[in-house]
Amino acid sequence: MEPELTVPPLFSPIRQAIHPKHADIDVQTAAWAETFRIGSEELRGKLVTQDIGTFSARILPEGREEVVSLLADFILWLFGVDDGHCEEGELGHRPGDLAGLLHRLIRVAQNPEAPMMQDDPLAAGLRDLRMRVDRFGTAGQTARWVDALREYFFSVVWEAAHRRAGTVPDLNDYTLMRLYDGATSVVLPMLEMGHGYELQPYERDRTAVRAVAEMASFIITWDNDIFSYHKERRGSGYYLNALRVLEQERGLTPAQALDAAISQRDRVMCLFTTVSEQLAEQGSPQLRQYLHSLRCFIRGAQDWGISSVRYTTPDDPANMPSVFTDVPTDDSTEPLDIPAVSWWWDLLAEDARSVRRQVPAQRSA
């Protein structure tokens, strides 16, 4: 048996923060899960011990308490879908049937009054979530939330096809899949709701703003893969993970794959920091708040990842760090060799050109 991997402290230049009502929110989310009977009794019993309310409180440390609670319930609901149907349920091996279920759930999210799936706990929970999204968000934010949920569902069906076939995608396909099946993009509208504003399309749809949101998703999901590798590798079922993809594609040992994954996420973290700081200098107060929330999302996922029993697995402890470092292992400005995301680094050249255009030409004597 190969020696157990030890995850070193990961690079994080972002400060830790948490909502002061985190303990109350965690209790409320556990009660919400019981009220709507999310997942099987066994799964629900696990989810309510995983500090999901605390995770939400780390994502929105200064947000409206009602939205922090909404986000916590939504994250738990997502785990009810992912753990209950995709990862551990039979539908996770039947992509066609899984697509049918998820398509029906999307209809419930779009039109909660539709008389369908009325005895389904996940549908009931989703109806409650949709009503609360309507209460705290605008019509545009609600529409983007539903659209992002569809993206998430689409990606987990793709993953289910690999699970059924027992195949591992290449790194580019895995990266593209992971940007969505980590359910990070579906959280983004709630970052705005949590602070009572709506980022306007002229800023939200800018290439650079979209890119930093994708970078945040990459960092969060790569970190999740690093933290969950111990649990997933020790399990008996099929699993997809960045380390496994790197092992297969590049012929690496688990230790080498861990080093490669850390290098990749460090390089993206450095790029995220540079581009988000540039955007903050020229953006509206709403954009600056959005960028701050992306940072909180990244750091919140990190702090939750090294502390939740979901990943520390006390019965079979993982060798996880208890702190983070402010020194990256890789601060190169060269693009990652992943076509789906290599264009992110084009933003550095675009910013340099923008700076040159702003510098007045020197007149000759």
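Glycine is no exception: its Cβ is also placed from the backbone N, Cα and C atoms.
On a predicted model such as this, the values are computed, not experimentally measured, just so you know.
The annotation Mg(2+) 1 binding site is assigned in Swiss-Prot to Asp82, Glu87. Residues or ranges marked as Mg(2+) 2 binding site by Swiss-Prot: Glu87. Taken from Swiss-Prot, the feature substrate binding site covers Arg178, Lys231, Arg310, Tyr311. The Mg(2+) 3 binding site annotation in Swiss-Prot covers Asn224, Ser228, Glu232. Annotation source Swiss-Prot lists motif 'DDXXXE motif' at 82-87, citing a curator's inference. The feature site 'Plays a critical role in the stabilization of intermediate cation' is assigned by Swiss-Prot to Phe55, Phe79. Annotated site 'Plays a critical role for substrate recognition' per Swiss-Prot: Asp83, Glu159, in sequence order, evidence recorded as experimental evidence. Per Swiss-Prot, site 'Plays a critical role for abstraction of the pyrophosphate group' is recorded for Gly182, and the stated evidence type is experimental evidence.
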Rounded Cα-Cα span from Tyr311 (substrate binding site) to Glu87 (Mg(2+) 1 binding site), Å: 15
Distance check against Arg310 (substrate binding site) for the recorded positions Phe55, Asp82, Gly182, Asn224, Ser228, keeping those with Cα within 10 Å: Ser228
From the DSSP assignment alone, can you count helix, strand and coil residues within the motif 'DDXXXE motif' (82-87)? 6 helix, 0 strand, 0 coil
Mapped onto three states, the DSSP assignment of Arg310 (substrate binding site) reads helix
Other than Asn224, Ser228, Glu232, the chain contributes near Mg(2+) 3 (Cβ within 8 Å of their centroid) the residues Asp225, Ile226, Phe227, Tyr229, Lys231, Tyr239, Asn241, Tyr311
Sparsest Cβ environment (other Cβ within 10 Å) among binding-site residues Asn224, Ser228 belongs to Ser228
Can you see whether DSSP assigns Gly182 (site 'Plays a critical role for abstraction of the pyrophosphate group') to helix, strand or coil? coil
Phe55 (site 'Plays a critical role in the stabilization of intermediate cation'): secondary structure state under DSSP, collapsed to three categories: helix
Counting across all protein chains present, how many other Cβ atoms fall within 10 Å of the Cβ of Arg310 (substrate binding site)? 21
On the motif 'DDXXXE motif' (82-87), the mean of the pLDDT values is 88
Out of Asp82, Asp83, Glu87, Glu159, Glu232, which has the highest number of nearby Cβ atoms, where nearby means within 10 Å of its Cβ, if these are the recorded positions? Glu159
Tyr311 (substrate binding site): which of the recorded positions Phe55, Phe79, Ser228 is the nearest Cα neighbour? Ser228
Report, as a single number, how many Cβ atoms besides its own are within 10 Å of the Cβ of Gly182 (site 'Plays a critical role for abstraction of the pyrophosphate group'). 22
Round to a whole number and give the Cα-to-Cα distance in Å for the pair Lys231 (substrate binding site) and Asn224 (Mg(2+) 3 binding site). 11
